[in-house]
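According to Swiss-Prot, the protein carries these features:
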type	residues	note
ACT_SITE	HIS538	active site, proton acceptor
BINDING	LEU52, THR53, GLU73, SER125, ASN129, GLY130, SER132, VAL272, GLY571, MET583	FAD binding site
BINDING	LYS559, VAL560	O2 binding site
DISULFID	CYS186-CYS228	disulfide bond
CARBOHYD	ASN111	N-linked glycosylation site
CARBOHYD	ASN183	N-linked glycosylation site
CARBOHYD	ASN190	N-linked glycosylation site
CARBOHYD	ASN335	N-linked glycosylation site
CARBOHYD	ASN375	N-linked glycosylation site
CARBOHYD	ASN410	N-linked glycosylation site
CARBOHYD	ASN519	N-linked glycosylation site
SIGNAL	1-18	signal peptide
Amino acid sequence: MVSVFLSTLLLAAATVQAYLPAQQIDVQSSLLSDPSKVAGKTYDYIIAGGGLTGLTVAAKLTENPKIKVLVIEKGFYESNDGAIIEDPNAYGQIFGTTVDQNYLTVPLINNRTNNIKAGKGLGGSTLINGDSWTRPDKVQIDSWEKVFGMEGWNWDSMFEYMKKAEAARAPTAAQLAAGHYFNATCHGTNGTVQSGARDNGQPWSPIMKALMNTVSALGVPVQQDFLCGHPRGVSMIMNNVDENQVRVDAARAWLLPSYQRPNLEILTGQMVGKVLFKQTASGPQAVGVNFGTNKAVNFDVFAKHEVLLAAGSAISPLILEYSGIGLKSVLDQANVTQLLDLPVGINMQDQTTTTVSSRASAAGAGQGQAVFFANFTETFGDYAPQARELLNTKLDQWAEETVARGGFHNVTALKVQYENYRNWLLDEDVAFAELFMDTEGKINFDLWDLIPFTRGSVHILSSDPYLWQFANDPKFFLNEFDLLGQAAASKLARDLTSQGAMKEYFAGETLPGYNLVENATLSQWSDYVLQNFRPNWHAVSSCSMMSRELGGVVDATAKVYGTQGLRVIDGSIPPTQVSSHVMTIFYGMALKVADAILDDYAKSA
């Protein structure tokens, strides 16, 4: 009788555990925080950074029980820290907390500094971002192979990997009626990362449909699925949320199913400072990393096969530079002996954001978000001839100016990038600007120029990785076309807010409001943008994946040129910006790189 009772009790407990929300699982206590537990040990792979790509690759590698992986993360397991992370509607509330790296830029245009938001904790920036789920244009990914020489990096290949990551939920009838659209052929359903419509249970605002009707009258397509390879027009978008409307960050998606594997160890509260090498006849070979918290307290740990850098576009370049890989001028200034000459930390491309916001009438009440991916002509409107003239006459000048400012190192190679972007905008109908509209008592557009011509940099300033001294310099708006594009997109948002079907719900502008005259010129908008922009926090390309001749740091398998056993596997490697939010790309990229790593492992076994 006691045995039956105990069995029943255990079954009930197991059932309760199965239905407990993920946020109640005590993951951190199962992870490592004592560095002495791993110091001096040898693993097959060491991953520096437990963000989106780091956790994805760790999970894929450790599916093979023979492969032993160590992930070293500066932060901790934060996914169970309440609504500030779990609730996608709480976006922005986490900024400035211990989960936000909050890097400070060098003084930029108008002598302004800006904060760069990036996640600190297992899950990385998926803990703090807006969890938007879109994909780029086919021609953008195809250019990685056709223009930059990265064999296998084309839309068809990446599309399959991106779908492989995804577990999509189709919209409900009510969500479809509100303005969602879903093309099942463009989605995966058997992946790990859940995606679906954001829905707080409140009535839907009619403003999304009003925006669609307004732009449709102008010839713009509406209700598109922005995951099919040509994002243009207006639609509602998907988000990384589960069926309970809880954020599905990378820790929930990849760590929760894998953290108890005996061949996976996660060390938290420590940062990787530099890569350890031994010299071989074939060049420097990565054999481990030095990690810790300060110059006096740090440790070595060793890798039998590879070191994988996944610390993000702002930090992975710094780890390379601290390790002696980078431009000689940068390393000399920081008193680091150069091991290998590569253009690390340059070509960094981030976008800029401004906001146009208005009050909504009572008739516009309700929840909802919609996105307008506008092409070149739609963004610039009457100013399109002026913008086209710049693209057709200024590329040489821009390339020379960018190299002179330290944003890139080779004028000829940079012009290849610029010509690629010009082709996208003028010949391929690629989305140039994103206007992200949020409702609930307002008509709020956050908007950004998706395709920047500015090139920034991030470099170390000392030889001590634990002093955290570096210069993050996005060089925003040092290219005239970027400023013109941001101004035009801002003007477009204001124009749309109070015209066509949107008029019914417009109840007065709050931003820019009285700070900018009603019929402002593009020049006046440019002045406003310079005083009121913020970074978009989508930086890529600081360790570019392209041919070495064009300025690449890593090859098509993410291996650092001139080394053995070292890859960069994060958002610093895409060679271009894209007309999309970046999570889908990073997940697909991580799965593709994981396969390349496993292929090499199989050959070495």
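Each residue, glycine too, has its Cβ placed from N, Cα and C.
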What is the maximum Cα to Cα distance, in Å and rounded to a whole number, among the residues LEU52, THR53, GLU73, SER125, ASN129, GLY130, SER132, VAL272, GLY571, MET583 annotated as binding FAD?
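Greatest Cα separation within the listed binding residues comes to 29 Å.
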Do you know offhand how many angstrom separate ASN410 (N-linked glycosylation site) and LYS559 (O2 binding site) by C-alpha?
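Cα to Cα, ASN410 (N-linked glycosylation site) and LYS559 (O2 binding site) are separated by 22 Å.
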Which of the recorded positions CYS186, ASN519, GLY571 has its Cα nearest to the Cα of the residue listed as 'active site, proton acceptor'?
GLY571
Note down the number of other Cβ atoms within 10 Å of the Cβ of ASN183 (N-linked glycosylation site), including every protein chain shown.
12
Within a 10 Å radius around the Cβ, which one of these recorded positions has the most neighbouring Cβ atoms: LEU52, ASN129, CYS228, ASN375?
LEU52
Using a 10 Å radius around each Cβ and all protein chains in view, which of these glycosylation sites has the most neighbours: ASN111, ASN190, ASN335, ASN410, ASN519?
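In terms of Cβ crowding, the pick is ASN410.
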Using a 10 Å cut-off on CB atoms, tell me which of the recorded positions CYS186, VAL560 is the least crowded.
CYS186
About how far apart, in whole Å, are the alpha carbons (Cα) of GLY571 (FAD binding site) and CYS228 (disulfide bond)?
21
Tell me, by DSSP, whether ASN183 (N-linked glycosylation site) is helix, strand or coil?
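In three-state terms, ASN183 (N-linked glycosylation site) counts as coil.
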Report the nearest neighbour of ASN375 (N-linked glycosylation site) in space among the binding-site residues LEU52, GLU73, ASN129, LYS559, VAL560, comparing Cα positions.
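Nearest in space to ASN375 (N-linked glycosylation site), counting only the binding-site residues, is ASN129.
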May I ask which of the recorded positions ASN335, LYS559, VAL560 is closest to ASN190 (N-linked glycosylation site) if we compare their C-alpha atoms?
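That would be LYS559, nearest by Cα distance.
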For GLU73 (FAD binding site), write down the residues of its own chain that are at least 6 apart in sequence and whose Cβ falls under 8 Å from its Cβ; none is a fine answer.
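The answer is GLY49, GLY50, GLY51, GLY54, GLY121, LEU122, ILE266, LEU267, THR268, GLY269, GLN270.
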Where does ASN375 (N-linked glycosylation site) sit in the DSSP three-state scheme?
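Looking at the DSSP assignment, ASN375 (N-linked glycosylation site) belongs to neither helix nor strand, so coil.
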Under a three-state reduction of DSSP output, how is SER132 (FAD binding site) classified: helix, strand, or coil?
strand
